[in-house]
Amino acid sequence: MLRRRLNRLFGGDEKRVDSRTIYVGNRPCPATETFIPPKFCDNRIVSSKYTIWNFLPKNLFEQFRRIANFYFLIIFLVQVIVDTPTSPVTSGLPLFFVITVTAIKQGYEDWLRHKADSEVNKYPVRVLEDGQPARKDSEKIKVGDIVEVVEDETFPCDLILLQSSRDDDTCFVTTASLDGESNHKTHYTVPDMEKDLQSLSATIECEQPQPDLYKFVGRMHIYKPEHDPAVRSLGPENLLLKGATLKNTKKIYGVAVYTGMETKMALNYQGKSQKRSAVEKSINAFLLVYLCILISKAVVCTTLKYVWQSQDGQDEPWYNQKTEKEKGTILYVKMFTDFLSFMVLFNFIIPVSMYVTVEMQKFLGSFFITWDRDFFDPEIEEGALVNTSDLNEELGQVEYVFTDKTGTLTQNNMEFIECCIDGFQYTAFSSELDSFCVTDGPVSTFQEKAGREKEELFLRALCLCHTVQVKEAGPDELGGDQVDGPASEPLRPAEQRGFIASSPDEVALVKGAMRYGFTFLGLESKTMKIKNWQNDVEEYELLHVLNFDPVRRRMSVIVRSKSGDTLLFCKGADSSIFPRVRPEEVERIRMHVQRSATEGYRTLCVAYKRLSVDEYAAADAGLREARLALQDREEKLMAVYNQVETAMSLIGATAVEDRLQEEAAQTMEALQGAGMKVWVLTGDKMETAKSTCYACRLFRRSTELLELTVRTLESGGRRREEMLHDLLFDFHRKAVQDAPPARAGVNRSWSSANPEYGFIVDGAALALVMNPSPDTNCSRYRSLFLQICQNCTAVLCCRMAPLQKAQIVKMVKNSKGSPITLSIGDGANDVSMILEAHVGIGKIPSALLGEKSGRCGGGCARVSASVCAAGVKGKEGRQAVRNSDYAIPKLKHLRKLLLAHGHLYYIRIAHLVQYFFYKNLCFILPQFLYQFFCGCSQQPLYDAAYLTMYNICFTSMPILAYSLLEQQIAIEVLLDNATLYRDIAKNAMLRWGPFLYWTVLAVFQGLIFFFGVKYLFSNPALQDNGQVFGNWSYGTIVFTVLVFTVTLKLALDTRHWTWINHFVIWGSLAFYVVFSFFWGGIIWPFLKQQRLYFVFFNMLSSVSAWLVIILLIVLSLLPDILLGVLRKPRGPHTQQLSKESLLYVDRSPW
């Protein structure tokens, strides 16, 4: 990776040329030429942040970026260099503790990432060296190596397929971890490839690494003795991507073309960046305010000191003569050192120990997530995981949720629900009348079945119009039966038959036809076999497959029956099929399609056409010519497809359901009720994703969908850029300009008076928005697009590349207001958006489904288990989990993670931050006021032991316990009332209003402390023997009132009492008293001077001191007591919460 960056920086090969040449097997071609091995990056994957060499400087740099850390470093250096009234230990010790604890925590978390990377890089692979297989670590694969991969293994790098164990020179792969599609895709070997790879002499010329998963351009030169080099074109159908998994193929051989950080998966990987929470930003803002207060105090005291000394006799009194060195000091230098001394004296107003407490609160608080029994999934025997504890409070501030679809919202398990044939409704669960039953009657007026001929034609279409393959399995799985053998041989039971396909709905349709008695037996040598109701085997020659694409939104097959009839079967979206059939046929089917779509099912229409000899000859010639074209191949194929798919007859329609994750709809509703906007980002097809959004209740019946896709951009017959401009402005007018202003706290309803809009965009349209042509206004398009998205109730982004997902998240994250974003996904294709969002959630893949493996039906259950062993529990299958901040086993757990844990974490840490600033201002304000009564002489009010231990020992444990255990509202109430989440939105508890309240309270109590004790000292004799208290007694009384007041203030704020709270609150007060007795009651030999010797004893011997301490504590806490008694609860949930508030009294959530 370093070499690649240096090459780009200094003009290396990759910058000068647009292609690379790869020598297959790293052998010279031809052998007579001089072989100079090209330099490419190795196959290591790096997701860690630090190395053993840069950890210390890099970590220290990041920590000293914090204002408080940097400030205390400066103060420590000032104390070391300049003669100050306090010891350097008072600042150096807390700073060292903070830096050390934080470094250990972050180092441990990065060590876990190193460990995970090592598992991937050290994974053993098989490579052909001199024709013999050799085992080596994955990180040692070089570009040009021939790699062997067996079934259920993931590809260790990007490979060109050279050889397959299948007879048809194909292999099947799943790319779930790359694009979210778990279904099997077919890839092809290079045509006319030699079987003996040892003697293969070839080079590959291909494009430089680029992140688009669906594009690849290259060519292969094959050298043979005494022959001209043979040239073969290479495309994406020949490229096996790193992270994909080999399926239904025993073994393949491929040559490595992209390795390591140059693979398409790695190029779609968003680099790690330091995530900082909104709370930390608020802390930095508050620190700047307190730093200004500190500087102001130091300036005031320095000025008053020299005003005092300017009076006669005050600069050099008879009892304090200046030394010769002091007399020779320049005035301005002396003023500057005095200013620094006052800065040191007041520096405790900046709470450096707060960072220690915050780090401990985050680290210890994260265990409550892992210990939560509700997050434990017995199926995979795992609970929630916390990879980064720095963002706990961000869980309570989420405004946008970006979720993957496949494997996150859905189980990716399609199920055939019902169908409509010639206007008659059929369910998948009836067995009457040859497995068919009229359930709702026809859409027309006749209560009768569709004819048997139409029913058989419909079922044949379902069995033939697809790219499904029958799952190959060993003898143990089949029990000796042959799937593709003659009809006389025994067949596998229908319920045990396994299928693989490029789309899950294709499997569902084939299995649906199987329920009705038509069974697809498989494809062998271009012959498709099906078994009909009479158990007769029908054979059809597969002539052409017209593949599905998002523009046509349909696919077709052309087959020839034994009788010689040439048939075209077509299935696709209703909007794609209806214009190509007779209008009178449409009306019989339309109502069924609309009703099924409303119920959230994925609908497909089925049509057919008989081709004459001339029609087929023209279509065959056009298809062959288009497939040989090197330029504009897709456009030429599209023209032929559109020509042949006309004048068809509509047979019927199907309804398929994609099963949702457990409680997916309820979870999405709860998140929207909490004020979050949910966006679905998926690499899947639009139709499937749209159905999922309806099923999850993200889209409702009343939702008007605004579609910005390739289909809509090409529908007007104009240039895409022109259509994009018109559509964006039209959508902006609808969703933004004409929309009524949104009211805070208003929930969505099924019958809303205001129109609701849902926005659908695909990857190609997004690319035009993000990277338009040079003559268009890029920023204007992005602004319109973002405004439309933000004013829609839900947004669906389909056909997204992984990097595009990250672009969407980044666009919203950097928008006005900097909203807090959360991304959740379960595959490697989701890693980029997980890393880009403020909070990244990884869904732990299911043990049954594997990583988006799905259940392809029946016999695939055992295959899924093997996927789990090799992928999910292995190296590539948990990439989303490894790179996330948090990981949960099920989607439904996201509800409690945000609404309960996030809510409580935010309240706790917000109170912690405000409390720390409050108690430190209470601590330093009397010290500042004391300077007015001691001639601004920098005389400390408190003993050095009190200065050092105030934040470390006396007041640290109660607030730490509070920030870990407090529950102002019971978890059950938070889960039942999602709108409570809105009360803390937009960092509500750390805004300037609450900060000002805490600051005013601290100033009030600081004034009470100082002037209350000053009033006590107006009586010269406070002891029974007539002795007078000194300045250290004064400071000790102030400090005692201070410690008791700030601790009891926290006790008043505590709503959820546990034995731990009692122990730390009363224990801290007892520790202070005991420490003061011992510190002042014993002569310590290591102290040069002991200022507090018997001071605490003498103070407690005075009844007046006791009385003043008690009165001042009560008077200081009186505002809080009165507010708690007089303040009325506010908000829409007041009555409900008042009834349910007792839930938290004796109940702990963990």
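Backbone N, Cα and C define each Cβ position, glycine as well.
From a predicted model like this one, the values you see are computed outputs, not experimental measurements.
Under the heading domain 'P-type ATPase N-terminal', TrEMBL lists 38-91.
Per TrEMBL, transmembrane segment is recorded for 64-82 (among others).
Residues belonging to the domain 'P-type ATPase A' (123-264) score a mean pLDDT of 83 in the model. Positions annotated as domain 'P-type ATPase A' by TrEMBL: 123-264.
Nonlocal intrachain contacts for the transmembrane segment (285-308), taken as residues 6+ away from its ends with a CB within less than 8 angstroms of a stretch CB, comprise 67-68, 71, 314, 335, 338-339, 342-343, 346-347, 349-350, 913, 917, 920-921, 928, 931-932, 935-938, 995. Annotation comment: TrEMBL describes 285-308 (among others) as transmembrane segment.
Summarising the annotation, TrEMBL assigns transmembrane segment to 339-358 (among others).
Feature annotation from TrEMBL assigns Mg(2+) binding site to Asp404, Thr406, Asp826, Asp830. Every protein chain considered, the tally of other Cβ atoms within 10 Å of the Cβ of Asp830 (Mg(2+) binding site) stands at 34.
Within 10 Å of the C-beta atom of Arg799 (ATP binding site) sit 23 other C-beta atoms, taking all shown protein chains into account. Under the heading ATP binding site, TrEMBL lists Asp404, Lys405, Thr406, Glu506, Phe548, Lys571, Arg602, Thr682, Gly683, Asp684, Arg799, Lys805, Asn829, Asp830.
Annotation source TrEMBL lists active site, 4-aspartylphosphate intermediate at Asp404. Its Cβ taken as reference, Asp404 (Mg(2+) binding site) is surrounded by 28 other Cβ atoms within 10 Å in the chains shown.
According to TrEMBL, the domain 'P-type ATPase C-terminal' annotation covers 881-1128.
Positions annotated as transmembrane segment by TrEMBL: 995-1017 (among others).
For 1032-1052 (among others), the entry in TrEMBL reads transmembrane segment. Among residues of the same chain six or more beyond the transmembrane segment (1032-1052), those with a C-beta under 8 A of the stretch's C-beta atoms are 915, 918-919, 922-923, 926, 930, 940-943, 946, 950, 954-955, 958-959, 962, 1005, 1009-1010, 1012-1014, 1016-1017, 1065, 1068-1069, 1072, 1076, 1091-1092, 1095-1096, 1098-1099, 1105, 1108-1109, 1112-1113, 1116-1117, 1120-1121, 1124.
Positions annotated as transmembrane segment by TrEMBL: 1064-1087 (among others).
As annotated by TrEMBL, transmembrane segment applies to 1093-1118 (among others).
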Closest of Arg602, Gly683, Arg799 to Asp830 (Mg(2+) binding site), Cα positions, binding-site residues only: Gly683
Cβ-Cβ distance under 8 Å to Phe548 (ATP binding site), same chain, at least six residues away: Ser503, Arg554, Met555, Gly572
Binding-site residues near Asp404 (Mg(2+) binding site), in sequence order, restricted to Arg602, Gly683, Arg799 and a 10 Å Cα cut-off: Gly683
Helix, strand and coil residues within the domain 'P-type ATPase A' (123-264) as assigned by DSSP: 17 helix, 64 strand, 61 coil
Residue counts (helix, strand, coil, in that order) that DSSP gives for the domain 'P-type ATPase N-terminal' (38-91): 27 helix, 0 strand, 27 coil
Lowest local Cβ density (other Cβ within 10 Å) among binding-site residues: Thr406, Asn829: Thr406
Binding-site residues (Arg602, Gly683, Asp826), the one with most neighbouring Cβ atoms at 10 Å: Asp826
Rounded inter-Cα distance in Å - Gly683 (ATP binding site), Asp826 (Mg(2+) binding site): 13
